[in-house]
Amino acid sequence: MAKPRVLSGIQPTGELHLGNYLGAIRNWVEIQQQYDSFLFMADLHAITVPHDPTKLAANTYQVAAMYLACGIDLNHATIFVQSHIPAHSELAWLFSCITPLNWLQDMVQFKEKAVKQGENVGTGLLTYPVLQAADILLYEPDKVPVGEDQKQHLELTRDIAARLNYLFGKPESPVLKLPEPMIRAEGARVMSLADGTKKMSKSDPSDLSRINLLDPPDQIQYKIKRCKTDSIRGLTFDDPERPECNNLLSLYMLLSNQTKAAVTAECQDMGWGQFKPLLTDTMIAALKPIQDRYHEIMAEPGYLESVLRQGREKAEAIANPTLAKVKAALGYSVPV
Ligand code: TYM
């Protein structure tokens with residue numbers, strides 16, 4: 001029997017950080033034996049905010065290398081570039097014609113990012129979730145493993161699929177399959193090192209707010225030394241008054257592969273002066289094998305090209321028939 005399928009992606013904008021790893025990539029690695037995984041670099045999404053054209057292609061390759069360095073196994077997974085598959089853009093157009101404008105105006109990420117861009121906010125930032133729905137629905141996945149911040153986009157994806165099925169399908173033979181979100185409780189929301197109430201993000205102007213996966217040991221040490229804490233002695237999870245404490249303990253728990261109970265017992269009487277070096281060492285040790293592997297992959301000439309060429313072929317073999325099915329349902333003629 002065919003394995004169930006998962007699909008997910010990351011925008012190649014800036015360096016990947018611990019939020020991307022713990023909220024997404026690490027979970028992809030953990031489940032990859034049970035699923036047929038389709039993982040891509042969302043480079044069409046990467047231009048919804050101002051971008052540097054001299055860096056886009058290199059960033060895209062770096063993200064692919066990072067997937068592999070974190071343990072994605074090509075025996076189970078297909079890695080591809082979104083812009084290499086024209087079906088993504090084409091299906092996004094078809095979806096945009098059946099998506100009510102107010103569905104998009106209600107998206108939290110749009111509201112947050114649009115405020116930052118002021119007058120110059122691009123149309124792509126508004127229609128971004130429609131492209132994301134196309135990314136997902138083209139591959140008919142069973143599950144979409146993401147961090148908590150993508151939940152609303154996945155709900156919209158299901159709404160778009162349901163609307164298209166309602167308008168152009170038959171109840172007994174829906175055109176599109178509705179996927180389920182897969183959001184793990186642990187790591188789904190890694191918070192900023194500068195403010196435990198804000199998520200860790202590539203777009204935060206301060207690099208001190210995040211740990212990038214390629215940060216060298218001295219930088220990790222510096223960032224942890226500088227990160228926001230509080231003046232209370234003893235460390236606890238889940239205290240709403242201590243969001244930074246909860247975040248740093250959670251990072252320690254996830255990166256040291258321990259249970260919450262074990263970390264609670266170990267850290268409950270610690271002060272920050274004792275905990276910070278422990279967290280620093282754990283983080284450096286957890287990232288070292290990833291960084292080593294990343295540099296090996298980047299040094300191998302032609303390797304990533306071949307991975308992405310094969311990825312494109314496998315992805316297209318699934319995406320193109322889905323696009324054809326949607327076009328047929330909408331009544332398009334087939335070119336002769
Ligand atoms: P992006 O590039 O912002 O983030 C990639 C993945 O990392 C997760 N993530 C986090 N998880 C926990 N804590 C954090 N602080 C944190 N920051 C990011 C995200 O939830 C995500 O899983 N729109 C998507 C990219 C995309 C996509 C798709 C994803 C485009 N098409 C189709 C899934 C399916 C995005 O901007 O993710």
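Cβ coordinates come from backbone N, Cα and C, glycine included.
Keep in mind that TrEMBL annotations are predicted by a computer and have not been checked by a curator.
Keep in mind the model is a prediction, meaning the values are calculated, not measured.
Site annotation (TrEMBL): ATP is bound by Gln11, Pro12, Thr13, Gly19, Asn20, Gly147, Glu148, Asp149, Lys199, Met200, Ser201, Lys202, Ser203, and the candidate from Val29, Val190 recorded at this site is Val190. Cβ-based neighbour count (10 Å, all protein chains) for Asn20 (ATP binding site) stands at 24. Lys202 (ATP binding site) sits 21 Å from Asp135 (L-tryptophan binding site), taking the CA atoms of both as reference points. Under the DSSP three-state reduction, Gln11 (ATP binding site) is assigned to coil, being neither helix nor strand. The number of other Cβ atoms within 10 Å of the Cβ belonging to Met200 (ATP binding site), over all protein chains shown, comes to 24. Under 8 Å from some Cβ of the motif ''HIGH' region' (12-20) lie the Cβ atoms of residues 41-43, 46, 49, 51, 56, 59-60, 62-63, 66, 147, 189-190, 199-203, 210-214, 251, 283, all in the same chain and six or more residues away from its ends. Rounded to a whole number, the C-alpha distance linking Thr13 (ATP binding site) with Asp135 (L-tryptophan binding site) is 17 angstrom.
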